[in-house]
Each structure stands twice: as structure tokens, then as C-alpha cells.
Amino acid sequence: SGPTQTNTTDGPIIWSGLLKQLSGQSGLLQRGIPKTEQRRRIGRKRKEEIMGRGGCAVPPETDRDVAPDAATPRDRKSGSPDRKISPDLLAAKSTPSECWICHDGVVYDATHWLGKHPGGMRTVLSNSGRDATAVMNAVHDARVLGMALRGMRKVGILDKKTASTSDGAMEETEEKKSKDVIDPAMSKAEKAASIERDFKELDQQLHAEGWYDPRPFEYWAPVLRCAVILSVGVGLTLWGRNSDFWGEDFLGLASFLTGSTFLGLFLQQIAFVGHDAGHGSVTGSFSSDATLGLIVGNALAGIDIGWWKSTHNVHHGATNSLHDDPDIQHLPIFCFDEELVHGGNGKQGVEKGEEEGMWSTYHGRFMTANELARKLMRFQHLYFYPVMAFARFNLYIQSIIHLVLVCPFRKGDDVIGTKENKVGYAWGRLTPARWMMHVLSLSTFYALWYALLSKFDLIHAALCLTVSHVVAGVLHVQILMSHAAMDYHRHCHSGDSIPRIDPAAGFHELQALTTLDVVCPPHMDWVHGGLQFQLEHHLFPRIPKHRLRGLIPHVDAIFVKYGVPVVRKPFLEANVMVLQHMKRVGRNVSRGKYA
């Protein structure tokens, strides 16, 4: 007899049985998805089940509190583009293991896109589980956003009938309301949708008029200014390096201190160019602006452009969100809102032993402050400026830590946090070539400063480093000032002119209520570098800073139409607002008084 024939169909039969068995348990079998993709997802699901809850970006107890019908939506209809998705179900999908996001009424599964997103996974997660149409349109070019959405799986459409607030309600609002007549009795959802409609029309107008068109030659003045400031700073410090502190060489000492001041001014000014390069608004080319960011951010400013993007993108997508925005999460040094300390549990919750501290989706852990830190916060308005004077050194440390975390050669389990709060929520790894570019460019910064400081004796070197970084600390005051004095969620902290924030407010209204503009004459724009137009920048982050002043009348017209106040204060008055706000919050925290 001939050789025994092997049944070549056994493999498919076995896989088919395994797929049916696993699909019954985990709900992974879906229509329209190739079997190879199903097998890959099943393998990943089994790995997650074996490793425990390592892929969850929220505290374990938070995920367990989700309703059963909302927590287990993966049925055979989950891949249907016509499936109705309720807001509650959408809100339950905001973890790295299941990340859904809504744009223009369509719900997408962005889980597999998290590791590919150029702006970082945290930017997507901070807007997941809700309708993010407005913020996605604001921070993305329409063509790029369309390409990204085509690469995601459509889960279904958002059920507008059950949605309390949704950017997708825009079409219904357009039919009911005239854009020139505002009904005072309109619902919160209608107001948010109507504001969204007006800003969408304004955005189309700005595109047609060329506001978004990159003009690199507009940056000749900032670049030339930085070059002159740097040259003067280096020249004066070298000229006065032999000055005698205890002698009569007053001119040499004055030269040295003035040069060190110019070096600090250079660090402040070059950061503005790096900021615009990080937003891709200098040349309009992603690769060109990325390269410029490495030169300006890493080599000249000493701040890794990759780390900066990871934090700044989240800040734009979730401005002043206690859970998401890293720009206001500075515990245990500063506290800008009482809920950051007690985590929203209130005094009764803290007395019952409930977890203190706000859960940070960016850091993947609870932001806590011990008893000593809470007592010291009573004086945070007093040590605010001293800390800001040396805050730049923290950015140096964060940049180095970030490069270690994204190192493609590093071995590890890619988790952050400790003990029960450990989550699989680390940074995406860079390619070896890209990582080396970041490392070499950042090393250039330290090499340049070493070359300069090595020309001085120890005392002069320490003085130069201190003076320059104290002057550069003005930048950090400018950054925090536009948000630290504003309301965060429900209180009026800074005066009757700032109303309480409604949780149902849309993206654009939230930007107005959580952002402060600084009033200054046009000839002083170079000092603030565009940071004085925070509201306009947050609404249109891809428009170059040179055109932001011209946006003010357009933005104000819309907000006046809907009765949304815009806060603009002179620089000194804005500083007073920050200190008053910090004093009030620090006093409440130190006394155990919860708002």
C-alpha cells in the first residue's frame, strides 16, 4: 500500500474550532475581519489574560465599576459600521486594551493606532471614550486626519438620541438655529454644537485666506534675534571671565553678569522657535520641522523635542483636565486645585480611607502628596518664583529619562507605576536611527555648554549657569501663567469675571474658560513669543504665531455671540492672579479643607 495521505484540512478545522471556542468566551470573533487578524487578536487577548491587568491605564477598581452591559460590548455586531453606540458604552472604552474614539458621529476602534500615533498614545487616550471631533480637527490637518481614520476599524455610529453632549449634534442644530440668532433657552448640547459650527466655518475661511500657509521666511527675525543674543552673551561672558569679585574690576563683573543674562534670554527665545517647530508650523513639512526641532529643541535648548511633544500634545487635547493634563500635575511641589490632592473623594472619602490623590492618565499613577507636602503647600505662593527659577533643570532630567524609556535597545516590561498601580503604559520605542539622532543632538547641547563653562573657574562657571537659568525661568512663569490662575472644573477661583465651568461645555468654550491671554503692545510680542495668545493658539494650534494677533477679532466675535467670556490681563496682573489662586488652594490643602 502507498504512503498514508495526510489530511491537509486538519489545520483549518482545528483553527476553526479554536476560533469558535475562544470567540464564545471572549467575543473576539467578528464579521469582516480576516482570520489571521482574528488569530493575532486572540493571541494578544490570551496574553493579557495571563499577565493580568497589565494593559489597563486606569485604576483596577475604576474598570470594575463599569456596568456589565457596557464592559462587555464585543459581540458579533461590534464590527458593524451601522451599529448604534451609546455614550455610556463609548465612555467605557478608554483604556489601552480597548480604546474607542468618536469623530463626526462615527466611533472608531483606535486600540491598534495607539502605538502608531505620532503625537503619542497618551494624546489619544486623553480624548478616548467621547466625541473628540473638535479637538481632532483643531490639532490635525484634514488630509492627515483622514488617512489616519481610514486605517482604523469603524465600530459604529454614536447614538445622538441618547447623547447628552456631542459635536455630532451639529447637523440638528444647523436646522433649528440661525447662525445670527441665538436662543437664550437653547440646550447646553445645542450651544456647544452651534459654537462648533461657527468655528468650523471660521476655520474654512482661514484656510481659504491662507492663514495656515507656512512661510518660513517669517522666522528670519526670531532666528536673527536669537543669533545676536547668543553672540552677545558668549562674547560678554568671555570678556569678563577674569573679573575679580572682590576687587575693583566692576566693568569686568558687569560684563560677565550681563553676558550670562543674555544667555538666559537666548534659552527663553529659542524655545519659542522650538515650540513652533514642534507644532509643524514653521515649514509645513513634518520631516523638516522634526529636524528643525532636533536642532533647536535638543541641540540649542537642551529639551528633547520628543518629550516636549508627548506632554504638549496632551496639554492641547485635554487642557486643564485634572486627570489628563500634565501641565497642571505638579504634586507634591505645587497644587493648583484641591481635587488633585484628595482625588475627588472629598473630606468624607478621605476619612473613610479612600485613595487620596488624583489618578493621572499621563503618568499612569495616583498623584499624591504626603502630610509634609500638604503643610508646605500653604507657602506655595511664596516659593513659586524660586522654583520657577530653576525649573529648567527638571526639564533636562525629564528629557534624559524620556530618551531612556524610548531607547530601542532597552530591555524591560514597558510598565510604569508601582505595586497595584503598575500598568502597561510606557512610551513607544523609537527606531535605532531616530533614537541616535535624539541622543546626539541632545548631547550637543551639553557639549556646547561644557565648552563654554570650561573657560571659567569654578565660581564664574557656577555664577554663569545660575544667572542664565534664573533668567530663563521667566519662560516657565509665562507657560504656567496662562492656565494656573484659571478655573479647572467647577469653582470660581480668580474673581467674579470668570464663571463656573459647565461640564457640558464644548471644546471651544472650555478653551475660553480655562485659558488666559496676556495683554501687551505689538512691539512687545517678541518677549512673549506667542504665549500671550494662548486662547487663539489652543483654538488654532497649527496657525503660525505671527498671525495669532489677527485672530483675536474673529475669535471674540464668536464668543461674544454666545455670551462666553474671554479673559485677557496685563502681565503683572496675571501674575497676581496666579499667586492669589495658589495661596487660596495651598491654604485649603494645608488645612484639610476640600472644595
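Note that Cβ sites are derived from N, Cα and C of the backbone, with glycine treated the same way.
Automatic, uncurated: that is what TrEMBL annotation is.
Taken from TrEMBL, the feature compositional bias 'Basic and acidic residues' covers 34-51 (among others).
If you look up TrEMBL, you'll see 61-86 (among others) marked as compositional bias 'Basic and acidic residues'.
Marked as domain 'Cytochrome b5 heme-binding' by TrEMBL: 82-159. Mean pLDDT, taken over the domain 'Cytochrome b5 heme-binding' (82-159), works out to 88 on the 0 to 100 scale.
Under the heading region 'Disordered', TrEMBL lists 26-90.
According to TrEMBL, the transmembrane segment annotation covers 219-238 (among others). Beyond the ends of the transmembrane segment (219-238), by six or more residues, the same chain brings 255-256, 258-263, 265-266, 269-270, 272-273, 276, 282, 452, 455-456, 464, 468, 526, 529 to within a C-beta distance below 8 angstroms of the stretch.
As annotated by TrEMBL, transmembrane segment applies to 250-270 (among others). Tertiary proximity for the transmembrane segment (250-270) is limited to same-chain residues at least six positions away from its ends with a CB under 8 Å from its CB atoms, namely 222, 225-226, 229-230, 232-244, 296, 300-302, 392, 460, 463-464, 467-472, 474-475, 526, 529.
What TrEMBL records for 435-452 (among others) is transmembrane segment.
The transmembrane segment annotation in TrEMBL covers 458-481 (among others).
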Summary of DSSP states over the domain 'Cytochrome b5 heme-binding' (82-159), given as helix, strand and coil counts: 29 helix, 21 strand, 28 coil
